[in-house]
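K.L.:
Before I ask anything, here is the structure I am working with.
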Amino acid sequence: MVLIRVLANLLILQLSYAQKSSELIIGGDECNINEHRFLVALYTFRSRRFHCGGTLINQEWVLSAARCDRKNIRIKLGMHSTNVTNEDVQTRVPKEKFFCLSSKTYTKWNKDIMLIRLKRPVNNSTHIAPVSLPSNPPSLGLVCRVMGWGTISATKETHPDVPHCANINILDYSVCRAAYARLPATSRTLCAGILEGGKDTCHGDSGGPLICNGQVQGIVSWGGHPCGQPRKPGLYTKVFDHLDWIKSIIAGNKDATCPP
């Protein structure tokens with residue numbers, strides 16, 4: 001009888017733990033420490049709190065969202081846990097920042113892209129390495145990966161110590177047009193998410209990567225509030241459409257403009 005009571009109590013504890021664990025995330029889990037070597041965190045010198053993500057695309061350049069620009073910005077590379085510092089964690093400051101049309105002018109749904117040149121290049125290491133730019137645009141239905149230190153609660157600002165990752169799908173742009181009023185008929189953005197909801201990027205993930213088949217296809221831009229609602233997928237700046245601009249800037253053509 002005592003054994004039965006003990007087993008029953010253990011079962012209750014296990015169920016309670018499972019319920020609490022499921023409530024801690026917006027459809028994702030802690031990223032594997034080796035899967036995000038290109039993921040960077042943006043913060044300001046004063047706040048010390050990550051406000052955005054970014055993507056290392058070579059040893060000297062980081063891709064992020066225009067909405068993530070701040071004064072006195074800092075870029076943290078090689079980070080996993082905010083409580084345990086990896087030996088190869090590095091911090092950089094921008095040497096130059098570039099925006100579409102040579103200015104930080106973007107609408108809520110367009111031209112949300114920023115290219116940061118680091119003041120000092122970084123070297124590849126155990127936890128730092130760039131990711132490839134896209135060779136082709138992503139196909140509909142493709143499963144892609146999002147990641148970041150953004151909030152893990154849809155109702156309150158609860159930021160994790162480690163980056164969280166989730167798989168989402170590339171959706172037809174018409175799905176996002178149906179979800180959000182005033183979206184233009186065409187846009188250089190990707191629509192991605194889970195129609196049933198429950199998996200989504202959220203506050204603090206902006207600027208981070210949408211990774212598809214080992215290439216950065218999107219930049220986290222914006223989405224529904226609260227995060228993770230059914231039929232409210234996220235909008236991601238389409239990197240493929242900005243390839244010529246990105247490559248021109250990196251090659252030294254500072255007057256390059258984004259596609260219309």
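Backbone N, Cα and C atoms are what each Cβ position is placed from, and that goes for glycine too.
Sharing the feature lines straight out of Swiss-Prot:
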DISULFID  Cys31-Cys165  disulfide bond
DISULFID  Cys52-Cys68  disulfide bond
DISULFID  Cys100-Cys258  disulfide bond
DISULFID  Cys144-Cys212  disulfide bond
DISULFID  Cys176-Cys191  disulfide bond
DISULFID  Cys202-Cys227  disulfide bond
DOMAIN    25-251  domain 'Peptidase S1'
CARBOHYD  Asn83  N-linked glycosylation site
CARBOHYD  Asn123  N-linked glycosylation site
CARBOHYD  Asn124  N-linked glycosylation site
SIGNAL    1-18  signal peptide
K.L.:
Provide the number of Cβ atoms within 10 Å of the Cβ of Asn83 (N-linked glycosylation site), excluding the reference atom itself.
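P.N.:
For Asn83 (N-linked glycosylation site), the 10 Å Cβ neighbour count is 7.
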K.L.:
Which whole-number value in Å describes the distance between the Cα atoms of Cys165 (disulfide bond) and Cys144 (disulfide bond)?
P.N.:
10
K.L.:
Using a 10 Å radius around each Cβ and all protein chains in view, which of these glycosylation sites has the most neighbours: Asn123, Asn124?
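P.N.:
Compared across Asn123, Asn124, the most Cβ atoms within 10 Å surround Asn124.
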K.L.:
Return the residues near Cys191 (disulfide bond) by Cβ distance under 8 Å, restricted to its own chain and a separation of at least 6 in sequence.
P.N.:
Ile170, Leu171, Asp172, Tyr173, Val175, Cys176, Pro233, Gly234, Leu235, Tyr236
K.L.:
Taking Cα atoms as reference points, which of the recorded positions Cys52, Asn83, Cys258 is nearest to Cys202 (disulfide bond)?
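P.N.:
That would be Cys52, nearest by Cα distance.
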K.L.:
Counting Cβ neighbours within 10 Å across all chains shown, tell me which of the disulfide-bonded residues Cys176, Cys212, Cys258 comes out on top.
P.N.:
Cys176
K.L.:
May I ask for the distance between Cys68 (disulfide bond) and Cys100 (disulfide bond), taken between their Cα atoms and rounded to an integer number of Å?
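P.N.:
Pair distance, Cα basis, whole Å: 14 Å.
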K.L.:
Please classify the secondary structure at Asn123 (N-linked glycosylation site) using three-state DSSP.
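P.N.:
Once the DSSP labels are grouped into three classes, Asn123 (N-linked glycosylation site) ends up as coil.
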K.L.:
Under DSSP, is Cys165 (disulfide bond) part of a helix or a strand, or is it coil?
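P.N.:
For Cys165 (disulfide bond) - judged by DSSP and reduced to three states - the answer is strand.
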K.L.:
With every protein chain in view, what's the tally of Cβ atoms within 10 Å of the Cβ of Cys202 (disulfide bond), excluding that atom itself?
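P.N.:
By my count, 26.
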